[in-house]
Ligand code: FAD
């Protein structure tokens with residue numbers, strides 16, 4: 001048995017970042033992880049493998065759609081699926097081993113196994129109880145179940161995101177249930193690889209919560225890429241059928257019943273916090289009505305000395321939000337002032353084009369009764385986007401009507417996931433749209449579109 005200053009439960013982006021920061025601040029730290037490899041959902045079955053498949057399938061799409069237009073001639077590129085899965089696995093392994101290296105470098109113990117919290121200050125792993133001054137729960141999340149649907153990733157017919165990242169072969173057809181980020185990213189992958197993809201969504205718009213104009217444009221672009229959408233549809237069940245499965249749904253507008261057949265059905269209806277087996281009930285750690293661990297402003301649970309972060313607590317289920325909380329809670333435990341600005345957490349969808357957003361949408365600002373101005377600039381007016389044959393989207397900047405302070409930004413277009421950070425930094429500094437408009441941006445870059453949207457909040461954009 002060892003005694004620690006901090007035991008972190010879970011080695012996802014929340015847990016491993018928390019452990020590293022705590023070790024850097026001089027604490028003796030261990031991380032309990034039950035998975036075979038470090039990195040949690042994100043590195044093993046989430047952000048990283050999905051981005052590897054998005055990257056490879058995007059390049060394939062480019063060869064088929066745009067190469068000839070650019071004068072790049074040659075044999076039609078085909079897919080070796082097993083090799084692509086191998087590339088994905090190597091990408092994952094490179095990253096998970098990287099975390100092992102960082103643990104060694106920072107003298108963090110990896111306690112292999114599943115943790116049970118026996119009491120504040122006591123964590124049991126296997127037969128050993130470890131003592132610690134503080135505990136951070138970073139146990140993450142798992143895919144939510146959908147009533148009437150049984151997922152079997154091994155069978156590879158009705159799968160969740162984990163199964164969809166490792167299908168035995170590229171299906172000819174796929175139904176994706178849920179038009180959120182994960183469903184659309186993975187749906188895009190298989191559409192580019194040749195599958196006929198239909199997305200069935202309960203709500204009347206894709207990517208719930210996003211800016212309305214972005215939602216519409218995004219659906220239009222994805223439709224042009226071959227994805228089909230059935231919106232306002234409540235899935236009532238999925239049954240195995242010959243050569244795949246049958247998805248039954250009811251259209252909410254008129255209660256009519258329909259069904260769709262597909263070789264593979266991906267259930268992507270969200271994720272739920274994972275706290276099973278930790279013993280929280282017996283400890284009296286309070287949960288919200290949706291099963292998240294309740295925390296105060298310093299990430300402490302209802303039990304002193306036990307903290308919680310990441311997907312296990314309320315807020316956006318994003319790796320970088322978990323990381324920020326990991327750093328902040330480590331600082332709080334070390335006696336410093338950890339801080340997370342929840343108003344400036346970007347969200348990115350890594351399709352082509354990418355979609356990125358931060359802060360208030362036009363709809364949410366208006367619902368709050370705020371007086372706003374909107375500066376919009378289309379990538380059609382951006383030379384670099386045109387050269388890249390990706391001029392379909394736009395940048396939309398939301399600023400306060402009186403003070404000009406930036407309240408939010410929504411981008412659909414090339415490099416959106418990188419460009420959004422300029423706006424995040426500006427928002428962190430409390431910048432006005434005019435501050436961005438007055439900042440010289442290199443030409444030709446897609447970032448110029450952000451400046452143009454800022455100019456559009458004032459006297460007007462130039463290239464429209
Ligand atoms: P997790 O990463 O879920 O890690 C928790 C870890 O805790 C797990 O490894 C688990 O084994 C371990 N654990 C749980 N209980 C115990 C226990 N009792 N004992 C020991 N170990 C335990 N987010 C983004 O920001 N960008 C993206 O591009 C993105 N893409 C995604 C794509 C997919 C397909 C999926 C599924 C998710 C994606 N996410 C993305 C979400 C992101 O993965 C999560 O928000 C993030 O992993 C949450 O981090 P976490 O540290 O809270 O938990």
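The backbone N, Cα and C atoms fix where each Cβ goes, and this holds for glycine too.
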178, 179, 180, 181, 182, 183, 184, 185, 201 show up in TrEMBL as binding NAD(+); which entry in 113, 270, 277, 279 does that record put in the same site?
270
Please report how many Å separate the Cα atom of residue 180 (NAD(+) binding site) from that of residue 317 (FAD binding site), as a whole number.
12
For each of 178, 180, count the other CB atoms within 10 A of its CB; which of these binding-site residues has the top count?
178
Around ligand 1, within a Cβ distance of under 6 Å, which of the recorded positions 184, 201, 443 show up?
none
Set of same-chain residues at least 6 away whose C-beta sits under 8 angstroms from residue 47 (disulfide bond):
319
Alpha-carbon spacing, residue 443 (active site, proton acceptor) to residue 51 (FAD binding site), which is rounded to whole Å:
28
